Amino acid sequence: MKHQNPSKRLLRLSIKYLLAAAAVVLTYFAVIYILFSLAGTSYRSAAHVLLFAVVFLVLGLCFEPFERLMIHSFTFFKTGKRLFILLAGIVQLLFLWMTAHTTDQLISDIWLSTTEEMIVAAVFLILDKCNSALPS
């Protein structure tokens, strides 16, 4: 087996993680750009849509622990499986809407109506559910 220099190994690993992060951001950008085009959303430039995608991703990562905590709190109630799934979906949709709304408020060069914010949240909820249904 060939031994690598630790700095080269670290560089290769860093490049892999950077490429993976870029793929995630570009996927978010593509989905949001397509949604904005279909919904007729007004925005100043594609760079603002990219900024929206990055802020949406970061805020989503910040809000996710609170979303998971709220969903986990439903286990303390004696609810049926269907009601639990419904409540979890509602909480996920509301947190995604809160992320889209907060991102819209932070970026002044994109003008989203509340309906468009809910469409963004619903699309990302559907994508999340489709992704979680795939085998690992």
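Cβ from N, Cα, C; glycine included.
These features come from Swiss-Prot:
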TRANSMEM  18-38  transmembrane segment
TRANSMEM  46-66  transmembrane segment
TRANSMEM  83-103  transmembrane segment
TRANSMEM  106-126  transmembrane segment
Distal contacts, the transmembrane segment (83-103) - CB-CB under 8 A, six or more residues away: 52, 55-56, 59-60, 63-64, 66-67, 70-71, 74-75, 112, 114, 117-118, 120-122, 124-125, 128
Positions whose Cβ lies under 8 angstroms from the transmembrane segment (18-38), at least six residues beyond its ends: 46, 49-50, 52-54, 56-57, 110, 119-120, 123-124, 127
Contacting positions for the transmembrane segment (106-126) when only residues 6+ beyond its ends and CB under 8 Å are counted: 31-32, 35-36, 39, 41-45, 48-49, 51-52, 55-56, 89, 92-93, 96-97, 99-100
